[in-house]
Amino acid sequence: MRTLREIKKIYENKEANVKEVVESYLEKIKEWEPYINAFLHIPYEDIEKQIKELESKSPNLPLYGIPIAIKDNILTKNIKTTCASKILENFIPPYDATVVKRLKENGAIIIGKTNLDEFAMGSSCENSAFGPTKNPWDIERVPGGSSGGSAACVSAGEAPISLGSDTGGSIRLPASFTGVIGLKPTYGLVSRFGLVAFASSLDQIGPFGRTVEDIAITLQIIAGHDPMDSTSSPYEIPNYLEGLGKSVKNWRVGIPKELWYKGVSEEVLKTLENSFGVFKEMGVTIEEISLPSLEYALPVYYIISTSEASSNLARYDGVKYGYRDFTAEDLISMYKQTRGKGFGSEVKRRIILGTYALSAGYYDAYYLKATKVRRLIRIEFEEAFKKVDIIASPTSPVLPFKLGERISDPLQMYLTDIMTIPVNLAGIPAISMPAGFYNNLPVGIQFMSSFFTEDKLLQFAYAYQQFVDFSKKYPTLPNKERV
Ligand code: GLN
């Protein structure tokens, strides 16, 4: 249960070796997993191999001997990658995603694959085919989704850092619900090669951690151009650690009236009230701004993301890889039965919606129109960032809710992402920081900044964490009786 800097110190002072540090996390996993189910698999044999391979590497590598958990929609060579779907239940990728490759090259140890909503579709982690992850702060509540496992494992201290993916909020929402930090980088900053595609124009990989410094260290490794991803940006990557600790005095913070108050629960607003006092202490100025087209963000997102999903998920047909239904008598029924049995109901709902939105006669009315409104949303953010440096909002309109509470009402579930979705549509970066607790349940605040200004965003978040720091606050292990 340490920061990366603290783990580094342990190695420098020779207080423990990599095996011992990794084992201390595996111990935590053993303690917590019966309660929270954050992991889908722990590759014990592969971990041994990774530790062995590290022996020949330099201890000065930035992530030397750092255990990291990876969302199970990011490919890991020789380690099962299921997307929490039955259709990929036994899929073992033949190669590593670029982010995984970079982490390993920099000394990290992949300690496990984390649970998610099937194919990253959901906001609660309940859509996993392998059972939900639970919130370590209250195991009757959801950890948020879709990267619920990656968030919960950092929250419980099972891993110091992890990776998730964020298409409409899947890093920031669970970060908020579990009291940790989660960053969604600018679209194109981090390679998507080896991330199982959900909605390709929105998907981004990003880190979870407990301190802004840990987030910056991890981002530094995973960001940067990748020739294997044609949407990856060719820009040079700044040093994300340089700005940490520098003053943000007189920075302008925009408060969009569309994202505060309306539709936000009393509990969340009450908990975030003190943020304005914190902003004052940070020496920044607060300006109310307006982003009127955000009203359309949710419908636009659910047209674009389902359309892209319907196309991306066409590849799971029982022929190339993954599950195949062998009881079928001919090819067409093999397709039907494989997809019918392999996908869960939320995934099917998205495929049906997306196929409809893209079908002849409806394409112009739905998909094309949605892409135009998306453009307007992006322009509105661009205009806003001419006036302010940072935009702040709650990360979620509600507290972590109970398991089962929203699962039967997709619209209620979709509304959980109302604060995070506009960011993906625009393509800008955003971070969720733990801002306070309400009845021992975490509440997050979201900071957004302009395209490719993660350096500024992290500088701001770091300054904020000097005043509001929950990096050492951990949930306590539930009593055995409560299970
Ligand atoms: N909850 C949103 C959805 O279900 C976002 C998911 C995500 O970011 N992967 O689509």
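For all residues, glycine too, the Cβ spot is worked out from N, Cα and C.
Annotated features in TrEMBL:
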DOMAIN    20-458  domain 'Amidase'
ACT_SITE  Lys71  active site, charge relay system
ACT_SITE  Ser146  active site, charge relay system
ACT_SITE  Ser170  active site, acyl-ester intermediate
*Take the C-alpha atoms of the residue listed as 'active site, acyl-ester intermediate' and Ser146 (active site, charge relay system) and report the distance between them in angstrom, rounded.*
5
*Going along the chain, which residues six or more apart from Lys71 (active site, charge relay system) have their CB under 8 A from its CB?*
Lys113, Thr114, Leu116, Ala120, Ser147, Gly149, Ser150, Ser162, Leu163, Gly164, Ser165
*Give me the mean pLDDT over the domain 'Amidase' (20-458), rounded to a whole number.*
97
*Determine, from DSSP, whether Ser146 (active site, charge relay system) sits in helix, strand or coil.*
coil
*For Ser146 (active site, charge relay system), list the number of other Cβ atoms lying within 10 Å of its Cβ atom.*
35
*Provide the three-state secondary structure of Ser170 (active site, acyl-ester intermediate) computed with DSSP.*
coil
*Quick one: give me the count of other CB atoms within 10 A of the CB of Ser170 (active site, acyl-ester intermediate).*
36
